[in-house]
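Undergrad: Not my notes, these are from TrEMBL:
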TRANSMEM  6-29  transmembrane segment
DOMAIN    25-262  domain 'Rhodopsin'
TRANSMEM  41-58  transmembrane segment
TRANSMEM  84-103  transmembrane segment
TRANSMEM  123-146  transmembrane segment
TRANSMEM  166-188  transmembrane segment
TRANSMEM  200-222  transmembrane segment
REGION    304-328  region 'Disordered'
COMPBIAS  304-319  compositional bias 'Basic and acidic residues'
Amino acid sequence: MPDRGLQAIIVVCIVNGLAGLFIALRCICRFAIVKSPGLEDWTLITAMAMSIVLAVVVDQQRRYGLGKHAVDVPPEDNTMILKMLYISVIVYNAGLILVKFSLLHQYLRFFVERKWRRADYTIMCIVIGGGISIIFTGIFTCNPIPRFWDRAGVEGVCINIQALWYFYASFNLLTDILCWALPIPVLAKLVLPSRQKYTLMFVFTLGLFGCIIGILRMYYLYRATVSTDLTYDNVAAAMWSAIELNVGIVCACVPALRPVVAKVLPSLVAKTRSWTGTGKRAAGRVELVPEGIRDDQGLVVRKESGPKWRDLEEGRSEENASDAGRST
């Protein structure tokens, strides 16, 4: 029979490596190319640190018997597995909260209309408020805390852990959907060439994939919570937790990677920026975007009223009412 614990750590290392690669690319972009790192970058780096801690915790669980049947795990090792589980719940939820905060803060770079900024801040408050309550209840699930991993030797009380974990999973899934759906109405107004449309579709397909992973994790979490063989049946839940967190990190990194793409594939960016609604805009110096939209990297901005366009690369403005009329 294959070692399920080893399978878990292999999967965790693969997704961690993938997320680490995207974090590195984002750091190159934001710190070296654009040279304008923001709070969302530091938040995402911290989320990556949480993901690494989660990987270490899963490896420690494997060391003490994760993937083995409960009857084959000594009591003292089972206690250590539960200690690692306690840490993993807190670290996993903290990482997800940081990813969502980073993504929502990133949206503020191109949300200009007040209603969308208010919606962004509202969801951000929900994520932060819910996240604080999740971490607090995660820490104090049992009173005293050691009762979480030692029910036989420590007297005390615990919250209904199954119900608590279902709440965590439901809250995370709901906020996932809110985070990934929020920019869609704004992006729907964009008039873009096929290449850029496919790029955006790819980015938001990844976001949908993250939501699907959250649903799968809920299923395996349910199987683990009703299991009488937790050390064996919790492997899938541990793997999907790591996958969900790291896929979230990747998805949050992708929108900020355009400058890296411009360095590696300059022709690709040039092609997407030379297009207009009528296909007649000369030289491709200005990319058309709808009112109230700013490019994530701040390359092009259209004023919220009037046919005035501004090319930030050369720091110049131009007015051309007839061109603007043809492009609408």
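Backbone N, Cα and C define each Cβ position, glycine as well.
A TrEMBL annotation is a machine prediction, not a hand-curated record.
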Undergrad: So which of 6-29, 41-58, 84-103, 123-146, 166-188 is most in touch with the transmembrane segment (200-222), counting Cβ pairs under 8 Å?
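TA: Per the Cβ count, the answer is 166-188.
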Undergrad: Which of 41-58, 84-103, 123-146, 166-188 has the most Cβ pairs closer than 8 Å to the transmembrane segment (6-29)?
TA: 41-58
